[in-house]
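Just below is one structure, and these are the notes that go with it.
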Amino acid sequence: MRGNKNYYFLSLLYFLSLPILHFSSCTHKCGDIQIPFPFGIGEIGCYLDEWYQVECRPSATSGKVFPFLPKINMEVVNISLPGTNDDIFYTYPSFSSIRVKSPVASMGCSTDGNDSGLTLNFTETPFFFGDQNNLVAVGCNNKASLTNVEPTMVGCESTCTTSNNSRSIPFFNKVGCSGSVDSVTRDLLPKNYIPVCSTTKIQDDTLICNGEGCCQAKAPVGSQQLIGVTITNSTNGNLTKGGGCKVAFLTDEVYTLSNATDPEQFFSKGVTVSLGWFIQTKNHSFLQSLDCQNRGELDKGKKRTRQCTCDNHIASGMGYASCACASGYKGNPYVSDDCQDINECTEYKNPCGDTRILYRNTCINTSGGHRCIDYHIPEVMLGLGAGFFVLIVGGGIWWWRKLLRKRRMTNRKRKFFKRNGGLLLQQQLNTTQGRVEKTKLFSSRELEKATDNFNDNRVIGQGGQGTVYKGMLVDGRSVAVKKSNVVDEDKLQEFINEVIILSQINHRHVVKLLGCCLETEVPILVYEFIPNGNLFQHLHEEFDDYTALWGVRMRIAVDISGAFSYLHTAACSPIYHRDIKSTNILLDEKYRAKVSDFGTSRSVSIDHTHWTTVISGTVGYVDPEYYGSSHFTEKSDVYSFGVVLVELITGEKPVITLSETQEITGLADYFRLAMRENRLFEIIDARIRNDCKLEQVIAVANLALRCLKKTGKTRPDMREVSTALERICSAPEDFQVQIQIDEEDETTKLFRGYSGSTEIARSM
């Protein structure tokens, strides 16, 4: 155990000694090129690991030495750290860059042997392509393209035409941003990094390589590590030259018509390509020894406490990092304590602005920055006085504008209140005080506060007529606030009358109208809030809940039929719902049904229709007789309720697609056909089929069949429907009924049980 501790201690001392060795005995320069750590020349310890080892080799022609990276077999042109003035890789502020000499792809040249393609592969290395590189092609009849950049296509075409005014266009130079960024590099990219996807521009468009002898296209960005270059012969028919030397290469240098005329020159001269690099090492102790602050902490708003920052990431035991000196410091972040404070007061010209005596500022250098102090007291006082004056004048203007805006808003609310019939509503509320004392006229401010200014997060329903928001009143009550999209001004009188009528409805299975607001452009209705969704959701969506029981569905049918019977007959004046459907039947926390969205729909509808002239309703629920005559009656509500009964029995939606023929049909027609063919048991919802009271289901099906008769006169009214459902619900378990077939379809009656059991079915 002691031996292991000694080993770890010696290893730590060794890793901490690496930067010291770099300063004391290592060479920092090869020729005219600086070699900053983690790169290094010489013995182990002068560089981080083999990826960063640099050899200083002599040139075979000039005799001068040049730096060389043996691990990737490339000559080094320049190495820069982030934040330095010579950092050409400026679009990666968190990455360092290195420029290396790159080979070229060629065809038809004296030295290539028809090598028409090359591949630059930096996978599994700490190097990747920078975004300053372009694809350049030189030579006649030359079509060059990049490979391994899918799905991006990058290429251009260089031709030599008969006329200097005729220039070819790159055959696909629309460069997209590559999405092939490896996960390690993506984690190290700065969060504010925006890749550059446009092609390279030169101020003088007449000099750019635009296809006449040479062409260029922007290489994709995104930290790619594998790119290939290929050359093919162009098939352009307007050529005077087709042979000769052709070259193509990836480079960060700018080539124009003046310096890219001879393809052969690129073999001797060479080209440079820009690469980004980061730290890739298994030596986690080295990263810890830098004592840099994690850049993620700064992104979260944490105060800077170190002289350097790093983006760190560990994957598969390998440590990855990209470091930089913090703002206000300069140096090498990969050498411990090498980031030194910049004295802005001496290194920058006029860091505090104007240096005239009257406005003299004193610069004081601070760690990572500087401060400017104005010692000219009179000007300070003058500035404070002017500031107070501007503040007072600005405050007065703000208060005056606020007063005008408030007065304008008050006048607007008063106008809306009068136009929306508020005076008439107040008068009628006063005359019926005893019956509608709970109805309230809400102010727009109350409802804005209750719904958080009608915040989209409060939306609980949205449809053609308007949007419903969940709100909370100051007394703690949860309410549903219905804000219509448009109002028909010709029907405002009718709307007010409906509010009076609905305010007098007091039925436990009808959603209570609590009041309205008339101070807005369109009237807003306020209902009690029902928290458990609607029947449609529980029947047709993934709800594994209480409604899967037949007894619960039977109770819902009894409750809502009683509510509609009350609206048709027991209310002070008949109210026809006109849009009965499962989405308008709400369930509270105890699965008690409540009817919503009745009566007022014709007053606040966005389609401006009169209920006796234009068809309105929901597909699958509309009475076919009403559809043909445009005349709505109480029996039209009965038909829609019959569709809801079929939904409760079958669990199907009002419009279905037949599995055999893929034909779209209404649930009512599908149900009538199944009853004619004595297939009721087959279409019963599988969730209730095994534990339901079959005689009750048959009785309800017979009742639904009567409700769905095509002529309104032959349908029962809602009072009969409600009474029949209550009798079915309370009948003994062993009662028997017959399956009753629609006589209009001229089919034979099928029976279940004995003939004496028809009394209940006929009474329905």
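Going from the start of the chain as shown, residues are counted 1 onward.
Here the Cβ of each residue, glycine as well, is placed from N, Cα and C on the backbone.
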Among Cys323, Cys325, find the residue that Swiss-Prot gives as the disulfide bond partner of Cys310.
-> Cys323
Which candidate, Cys325, Cys339, Cys372, does Swiss-Prot give as the disulfide partner of Cys352?
-> Cys372
Tell me, from Cys339, Cys345, which cysteine Swiss-Prot puts in a disulphide with Cys363.
-> Cys345
Mean of the pLDDT scores, which run from 0 to 100, over the topological domain 'Extracellular' (27-379) = 77
Binding-site residues considered: Ile460, Val468; fewest surrounding Cβ atoms within 10 Å belongs to Ile460
What's the CA to CA span in angstrom from Ile460 (ATP binding site) over to Tyr527 (phosphotyrosine)?
-> 13
Any idea what DSSP makes of Tyr626 (phosphotyrosine), helix, strand or coil?
-> helix
Let me know the most crowded of the modified residues, choosing from Tyr527, Tyr626 and counting other Cβ atoms within 10 Å.
-> Tyr626
Among the recorded positions listed here, Asn233, Asn283, Asn365, Gln462, Thr618, whose Cβ has the fewest other Cβ atoms inside 10 Å?
-> Gln462
Note down the number of other Cβ atoms within 10 Å of the Cβ of Asn259 (N-linked glycosylation site), including every protein chain shown.
-> 14
